[in-house]
Amino acid sequence: MARTKQTARKSTGGKAPRKQLATKAARKSAPTTGGVKKPHRYRPGTVALREIRKYQKSTELLIRKLPFQRLVREIAQDFKTDLRFQSHAVLALQEAAEAYLVGLFEDTNLCAIHAKRVTIMPKDIQLARRIRGERA
């Protein structure tokens, strides 16, 4: 872009310049807290985006194994008592459950974005399941 000569313009009002002398003096005379540093905080959303990138790169299971195993055994009790599970069977169930949940949350996020929101809500999950045909 070509440079143009700046010409002086007459001010038409606006904000008056702030007086900083009093605030600077008050800041200098204020007692320090003995070098106690505030803990560092990231801006809202920064950590969330970092976690999204981290978990999208990873392939490990996100639900802890033992709590998931207890849940499977608790649900299986309703169908038949004294059932035994091979460890690979529980792992296969966990892989399938996590894959289902990740896909559901992806669809849920799309529903929230479609509604011009960034926060997912229960109604987004219900809509995603309804569109998938899982719930009438």
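Any Cβ shown, glycine's included, is placed from N, Cα and C.
Record note: of K37, K54, Swiss-Prot gives the feature N6,N6-dimethyllysine to K37, with no matching annotation on the rest. Swiss-Prot records phosphoserine for one of S11, S58, namely S11. Cross-referencing T7, T12 with Swiss-Prot, the residue annotated as phosphothreonine turns out to be T12. For K5 (N6,N6,N6-trimethyllysine), the number of other Cβ atoms no farther than 10 Å from its own Cβ, over all displayed protein chains, is 4. For the recorded site, K5 (N6,N6,N6-trimethyllysine), the DSSP three-state label reads coil.
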